[in-house]
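Inspection log for the structure reproduced underneath, given as structure tokens.
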Amino acid sequence: MGGGVGWPGVGVGQCPCEMGSWGPVSLHDQTQSRAAPTHGPCGRACMKSGPSVVLPAALGPSAVVVVVVAAAVAALDRASLLSSSVPGMVLKAFFPTCCASADSGLLVGRWVPEQSSAVVLAVVHFPFIPIQVKELLAQVHQASRVGLAVLGTWCHRRQEAEESLGHFLEGLGAIFSHEPWLQLCRERGSKLWSCKATRRQVPPHPGAPYEDQVMLVFYDQRKVLLSQLHPPADLPDRQAADATASAGGLAAVFDTVARSEALFRSDRFDEGPVRLSHWQSEGVEASILAELAKRASGPVCVLLACLLSLISAASACRVFTLWPLSFVWSKLSVCEQLRHRLEQLTLVFSTQKAENPTQLMRKANVLVSVLLDVALGLALLSWLHGKDRIGQLAEALVPVADHVAEELQHLLQWLMGAPAGLKMNRALDQVLGRFFLYHLHLWISYIHLMSPFIERILWHVGLSACLGLTVALSVLSDIIALLTFHIYCFYVYGARLYCLKICGLSSLWRLFRGKKWNVLRQRVDSCSYDLDQLFIGTLLFTILVFLLPTTALYYLVFTLLRLLVVAVQGLTHLLVDLINSLPLYSLGLRLCRPYRLAAGVKFRVLEHEAGRPLRLLMQINPLPYGRVVHTYRLPGCGCHPTHSWGSLCRKLFFGELIYPWRQRGDKQD
């Protein structure tokens, strides 16, 4: 008996029985362990422990899992290919663990000739009528399009009187003809199993055996039915092809169990003509709340789908496409978030049924994301309306705005003097300082004019939290943009003036070198200038050079203030995008039921003794959390950074306006 973790395909050699000679596999030890040879079913000497798996050090943990699973299933496939040269074939019989204690009967399942595998789905018990068994298989085939057949017999010897049952079961092969015919038997009072596969056809080689070697692989039928097998990750070179081929072999097993759900709808309480044993034979799993929700979801989805279609038609009205409204809607973050929320609700309450598990998972992720968003929004709403916090915010807003304006006024006065001991152009310094101070006084007057209405505005804005926390955060981003509009104006004035001087200096520098910018061909060409042009260019270049430090200082100060505001808005947008795009339902499945998201399988050796079949236990490897997020990540509301660090620094140096957080589809400057 082997208690360690074994990976099939590690020790495959010339002998088919060597596939069962695997000991515990180490992923880090690159040496080959040796043990005393034992004799397998073929009579040849084979090693007890095969060579360990050697993996490249450059592969990450997820790649290691896929490579090991690929090696495991590829070994099973190589065992099938080996049968062309060895007289006795090595067959793989996938047997459900729930049927290990079932009474004797017939093995019902699907034969996969490409993999030389038999996937057992259920056990048919006595008494039964053969024609009724065939009718049941025909009904399942019509419902699921899976070709099921009687693969063989199952004998569970519990008492002495059942010794003669095996001879009776052997005779059923004449009624249910199938090649090969499996005969699985569990010995009385022990955990020993016997497996053999017989063929009625005449062997092609003289002296070849009529029986094939059988490898028994146990699997949890419920977990395999509910799990979704994901394709392997991208691996370099040869490993990618091996992983894809191995995943195809596993997919046949997973697909057979998943599509045969119609076979599992009956239990032992049904009064049908055929009695089966499977994972739901003791009672079909069901929930009263789930059934009520399914019945009520149809009318509710139809009603909400009609309501959402009316809202979509109203939002697409031609009145909202006129210039003032379209311009405002394109600049406000809350409008983009409301549009995204409408798309989410339309997807969730759509009356169309999901065509595949991926679409169903996306609907579940969107539904959980919306529910969590609304729950957080309601919690924020209850906090804002409790203990008159909205009134406290309204009373604190005006003093904060006055304090910010006062600090900006001190900053402008400092710039109008000798900032950091720098000698500035006094005339230009005074003009720019007074210009910005005038705009600052206008902003203070605007805030004091709106102060009586601020509490009512905040009260109505707080109600937007009932639509979700993301809507409230989008409103907060727009409020920050409105409250810092004077800083944005200062930045635009300084950036335009600085960009004008940089462009002028660039053009005059080309004039000194006898070159000019060709607008039509978008390149720099040679040009000859007369003496007057060179003299005027020298004067203008000198003036711009001496005025540049004053302009650059104002531009630098207001650019830093603008970047501070943009950073706050960027964090808000990132939080909104995180809530919108995080696949919460998939992460919950990975945490609570990891077998639902399968990345592959692993095998553990249960029994390997001379003269007895190799018994393995197939276990599901869950999908890593990183791949869960990458696979099921939802599309965000469209706010994303449009500049790299190099592009951002270049724009800042040349005085171009920056909008690091844009909506998708907006025209770039």
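Backbone N, Cα and C atoms are what each Cβ position is placed from, and that goes for glycine too.
If you look up TrEMBL, you'll see 53-76 (among others) marked as transmembrane segment.
The transmembrane segment annotation in TrEMBL covers 300-323 (among others).
Taken from TrEMBL, the feature transmembrane segment applies to 366-384 (among others).
Summarising the annotation, TrEMBL assigns transmembrane segment to 457-484 (among others). For the transmembrane segment (457-484), the residues of the chain that approach it from at least six positions outside its boundaries are 332-334, 336-338, 341, 370, 373-374, 376-378, 380-381, 384-385, 390, 393-394, 397, 401, 450, 565, 568-569, 572-573, 575-576, 579-580, 637, judged by C-beta separation under 8 angstroms.
According to TrEMBL, the feature transmembrane segment maps to 533-557 (among others). Cβ atoms under 8 Å from those of the transmembrane segment (533-557) belong to residues 411, 415, 419, 422, 424-425, 428-429, 432, 436, 494-495, 497-498, 501, 504-505, 508-509, 511-512, 655 of the same chain, restricted to positions at least 6 beyond its ends.
Annotated transmembrane segment per TrEMBL: 563-587 (among others), in sequence order. Residues 333, 337, 340, 361, 364-365, 367-369, 372-373, 376, 469-470, 473-474, 476-477, 480-481, 484, 487-488, 597, 625, 628-629, 631-637, 639-641, 658, 660-661 of the same chain sit 6 or more residues outside the transmembrane segment (563-587) yet have a Cβ under 8 Å from a Cβ within it.
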